[in-house]
């Protein structure tokens, strides 16, 4: 239902955006409405004897350019122009096209007030003896254009070559811009559909081990490198390589040479100008992709089986590509203006300084968005990121508006980008409104961790919580992993007391034990949590306070009345669509009957869906095992409480789940995986969540074993932001 509503909204938003602006060159809009007449316009001399030149010396006149009023009133210019059109334009051209060109495009500035054509096209042509055409202008002897002239065939051909080249480059510019944007939307869906091909599990496992799951190089993926960013997986790198390749082709390919060229005699200048423009145009096409990949409510999250972490990674890569294109565009035009000694004059124009504002905003976004700054001051980063993004879009908007006054077609990309951003924000409001204002009860677990319980909320996966009374920055929100949605108990029920747990989570994807699965298995589970006071269902999440919002939240521990909270959710694996498939689901299948969960600390909450999915009215298809490393015993007792109803719950058995809990020491992940996967009967789904270094070890080891024939499907629940 949500996906269908999303597509309907997109169908309404995007056509509205398109209808509000000029279309792209070559796709609904022609840069040269009548190319043959434009060839005449470029071939016509401009050394008229205008009334405004009165009193000037010949040298001063040579430096002037006639006004639009002078062109429109000059008989020699109008008759010569009419003769050129009659000579070189095909006779099959409809007369109304010639008349339209004559009335609108013949003179630059023709729409200015006071500009009135002295003759119509037919009147001007009647003043010329077409049977005895006049001679071309002789620059050596005629310094003033004051008679009817003809345009030589060579001169006209050179100017027409310039028109043809400009048309071809303009069409290619639109084509490549569309290709960059549309392929950036369609390719993720296409790649996701490849998993539906009926390959054997062993082949699929080995293919993923070589081409999809491992880091592109080295052993790290979730652990940031040098505090700057994350190394993509090989699968992610394949798509990133495509993005880089298509953007390089879009900027540097498609510049045909027509010679002789009257518009651009210098090939170097022609390429600088065209490549500079192309880089700016393709950067505009990338802006909607940046917002689409970075949104919480992106259509692609519902149309693919790719994770939000993957799209955030792509968001950063495309933003970097876009910024490099913006800088290249600015550098090319700076060089053009400096070489033409026009920089001082151009710098005074509004389009120029708005372009500077946009370029600087794009350029600052990249270094200020590295992982180090996001980690130490996330709230400051978020505000600065939004501010710079707005300034980049505003600067880009006014840059093209002041330059083209809405006729360039580039603003269509900004309309699409704003539509994507608005749609994402609208759905955020809808998700928050679904739950309304609730109360959050904060309990200190120990010196390092706190627990937050929110009664009256049915939520899974992960959510974003707003605490408007914790900070004056009431718009700030923080992502939290949801431990579970649990049935409530009366206020005086002994189970409604808070329980001391041990560790707070890094943000993880979906973490819930759902009532639906429990009912299907004929069981009911209970959780000891103050979230269930007053008999309400509720959610719980654990927090390790750092700085910013979580530090302020820790100061609210023990407030009996609770604090107001807004919950934006649910986000995560629930609500999967057909296009997403089952890759994010944990239920055992005939190909992968076994489930092996490896968790560290509070990361165990993220693997609860995998444990819960193995519940069945029938005998288990395979084995279900949990390896859990934890610093102390507190959280173990809490999780065992959640497992009540599974039958016998002891340290060695949780129903049919076989737990292996290591308290106070580090697990040997490689040894565990080698032993378990070596003796497994059938394929195994490995689910990992915990410290980032541990998760990377699990990923690397699973890929290494799969390359040697082990049938394994790897699912990572650690979400890097």
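Glycine residues also receive a Cβ, built from the backbone N, Cα and C atoms like all the rest.
What TrEMBL records for this protein:
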{"type": "COMPBIAS", "residues": "490-502", "note": "compositional bias 'Basic and acidic residues'"}
{"type": "COMPBIAS", "residues": "503-512", "note": "compositional bias 'Polar residues'"}
{"type": "DOMAIN", "residues": "279-395", "note": "domain 'Ferric oxidoreductase'"}
{"type": "DOMAIN", "residues": "592-661", "note": "domain 'Ferric reductase NAD binding'"}
{"type": "REGION", "residues": "489-512", "note": "region 'Disordered'"}
{"type": "SIGNAL", "residues": "1-20", "note": "signal peptide"}
{"type": "TRANSMEM", "residues": "176-197", "note": "transmembrane segment"}
{"type": "TRANSMEM", "residues": "237-255", "note": "transmembrane segment"}
{"type": "TRANSMEM", "residues": "275-293", "note": "transmembrane segment"}
{"type": "TRANSMEM", "residues": "313-331", "note": "transmembrane segment"}
{"type": "TRANSMEM", "residues": "351-373", "note": "transmembrane segment"}
{"type": "TRANSMEM", "residues": "380-400", "note": "transmembrane segment"}
Sequence-remote partners of the transmembrane segment (380-400) [C-beta within less than 8 Å, at least six residues beyond its ends]: 284, 287, 350-351, 354-362, 364-365, 368-369, 373-374, 408, 410-411, 414, 417-418, 473, 476, 548
For the transmembrane segment (351-373), distant same-chain residues with Cβ under 8 A (at least six beyond the ends): 224, 227-230, 316, 319-320, 322-323, 326-327, 330, 380-381, 384-385, 388-389, 391-396, 398-400, 402-403
Interface-richest range of 176-197, 275-293, 313-331 toward the transmembrane segment (237-255), CB pairs under 8 Å: 176-197
Helix, strand and coil counts within the domain 'Ferric oxidoreductase' (279-395) (DSSP): 100 helix, 0 strand, 17 coil
Overall pLDDT for the domain 'Ferric oxidoreductase' (279-395), taken as the rounded mean: 93
